[in-house]
Every structure is written in C-alpha cells, then in structure tokens.
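The block underneath contains the structure these notes are about, expressed in structure tokens.
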C-alpha cells in the first residue's frame, strides 16, 4: 500500500508539472560578437516533457548543412569563426505536446580591423564610441521639445542669449549650428558646451535665423530660432487676463497657478506669496503696494503659440498653510507688472461636510419643490371657494331685497276678485304702488284667478300657518296721493 501510494503521489506531481515550455532567460535579446570569434546563443527554456528545439536565422531554418552553425544537445546554438555575414535575427523555437515558445536574438557583429559594425549581415557602418551596441539604434529626438516652442526671441543691445538644442539618440547625435543657412558652430554632444549656443554682448548685427541641426546615422532633426536685437525696450511687460485664476483645492492635492505675459522680449518672471503673519517675515521678503510678500522659487519660462510667455507655479501635496494670496510679477528694463490670485485650501473635514451637504440637498430636492407648490395650490383652492361662497351669498341677498317681479296690477279694476282681497279672511303682504292714468296691457298675466287664490288660501290655512298674506290697502291709497311717484314700483317682501 505504501509503495502504491508513493507511486500515485509521484504520478500526481508529474502530471502537475506537465505543461508548455517556459522562458527562463535574463531578457538580453541583443548579443555582440566579433569577427573570427566563437559565439554561443542559449535557448533559455524548460518544460515537461522537454521541448524540441529549432533555430532559425532571418526566417530560414538552421540545419547540419550550415558550415559554422551547430545546434547543441542542450538546445543552444554555437557559431564558430564568425563573419560579418553572420549578423542578423536569430530565433529559438521550443515545442512540446502542450505548446511552444520563441526566443528572439539580434546578433551584432563587429569587425575590429575594419572598424565597422553590422546589424543585419548585409550592411556595415563605421564603428563609433558614441553608440551602445547592446541597445537598439535610435534616430535623434529633442529631449525638451516643450521648451523650444518660442521661435521668435527679442533681446536688447548688450544683453546675452543662450540657445539650446538638447537631443538624444543611439548613436549619440552630433550637432551643427547655422546662422542664416551658414555654418556657425560644429561639434558633438559629448562636450557640454555643444548643447547650447552662447551669444554674449548682443548687437543689432546679431539678429537673424539661428538653426541647430542634430543627426546620427539613423536620421536628423533641426530647429530654427528667430533672433531680433533691438536698441531699446518700448514698454513694460503686460500680464494677460484672466490669469492667474483663483483656485480651490483640498489638502494633499496639487495646486497650479499660471500667468501669461505679453512682452517685447522675454521678461523676468517671479512668483510671490503675501505674508499674512509677521512671524513668517524673512530676508526673502519684499514689499509691494505696502504689503509684504515672500519670494518663491521660480520655474522655467515657456512660450505659447500666440507668442506670449507662459510661467506656471505648482505646489505638490498642498497644506492649509499654503492658502493665501499669490502674485505673478513680470519685469523688464522698462518696468514691471503683476496680477494676483487667491489659493483656497479646504481641509478634509470641510470637504466631507461639503459633500454631505450636497448629497442631502439632492435628496430633499423633490420635497423642497413640492411643499411650496402644494401650499400655493391649497391657497388658490381656498380663495376660489371663498369667492364662490361670497358670490352665492350676494346672489341670495339680492334675491331677497329685489324679490320676484310680477306683472303690473291696475289700481282700479271692476273685477270681483278685488273684493275678496279686502276680505278679512285673506291677508297678503303685496304692496302695489301704481301711477294714475297708466295704460296697462294684459295686466293679469301671471296672476292667478280669484278662485285659485281662494282655494290656495284655504289649502294654506288648513295645511300650514308658516305663510300669511296681507294686503296693505293703506299703501295703495297713499301711492295715489304721492306726487313724487313717477315710476311704478312693485315689491314682494317675504317675512
């Protein structure tokens, strides 16, 4: 049983280790060899089962027919009596039943006698101590292109100027300076002075186009400066609005202030911070507009596409002590100008409180809008009901005061029913005020007949005592003798 268990465990471990080939090299893909020497290229792979190794050069398989190339038992490739033609791209491909992997090499061959180098086996170039053969070749490029945007530069007479064209490449580039297409200076970047062209004690005759040409065997680049030397400055620098801008940041963040200056020549730019606490006064403090300011470290001056000068002041990992007023000051021989901005630094506590307030406001937004709207709607409904009720009240009062209007009744009529009106059994509150001599048409329209009136009286007297009619004859007689009655007035007063 123990033997069987050991065999099973061994089998499990073996199965667990099975897999495609794996790379175990150091990553150096560029190899250097010298003519007439021997070079061994390793194939740093491993796998279980052990992979089959195949070598290729520039896409062509290497076999036993290759005179000075041999694949060794460990999978490496040995090259004897190396020639320049042996330079090129080599590939080691390892394959087993689980997959495959390839390892690429570039073999660079150096001929010390002829002082030449070959990378591809077909072309050679002069060997240079400025080239690192262990690294791939690269054409020149400017290391600080953002600092070379200012193509036009104006300087006053007797000033100095330095023009920079810093570049890199493999091989390390060489540089040539020209003025108005004529060679001015030649050198290589191995000497520090060649990075910069120095022009001291400028005169107006120094104005012109200065071009740097940087090249190596893989290419070249160039850049041109337009230099103007003027006799006298005409105006002081002008700081262009709206920069610098007021800025708000949280503690620990990065703050950035920028100013933009228009000037005939590159001005001196300095950032200052107002001293709010006298205990921070130092030797680096100056007074501007009766306020103390501390001088801050300046950064390099850049240039924009519109010809203006740019300068940026950056504070990393801002603290609360960094808050305050900052000014950007630009000066030249004609004077100086400045603009200010405030940096507000919020603490973590303030930031959290602010975020909570914003979230809470968003949460209650429907409530804030809905409550006033509901109150306004309720007020409108109450007002509408109030005016409706008031209108109905006025309508009923008008009906009571004016009463229903009846057709006119003649003051003298031979009809027998008037006699019944004077009867003590019939009482009414109908007041009739006619005018003598009036002509009436259909005076009885709408008035019930005497029989109907009597029958109604009988019914009312029997069924209900809530309504009592009485005829005020005196009012009728008074109306006959009242000369001021020019209109017929009839009224019905319900009591």
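Note that Cβ sites are derived from N, Cα and C of the backbone, with glycine treated the same way.
The structure displayed is predicted, hence computed values, not measured ones.
Per TrEMBL, the feature domain 'Ig-like' maps to 21-108, 140-228, 237-344. What TrEMBL lists as region 'Disordered' is 476-495. Annotation source TrEMBL lists signal peptide at 1-17. Residues or ranges marked as transmembrane segment by TrEMBL: 365-387.
Nonlocal intrachain contacts for the transmembrane segment (365-387), taken as residues 6+ away from its ends with a CB within less than 8 angstroms of a stretch CB, are lacking entirely. Residue counts for the domain 'Ig-like' (21-108) under DSSP, split into helix (H, G, I), strand (E, B) and coil, are 3 helix, 48 strand, 37 coil.
Mapped onto DSSP helix, strand and coil, the domain 'Ig-like' (237-344) counts 6 helix, 58 strand, 44 coil. Secondary structure of the domain 'Ig-like' (140-228), assigned with DSSP and counted as helix (H, G, I), strand (E, B) and coil, comes to 11 helix, 52 strand, 26 coil. When averaged over the domain 'Ig-like' (21-108), pLDDT in the model lands at 92.
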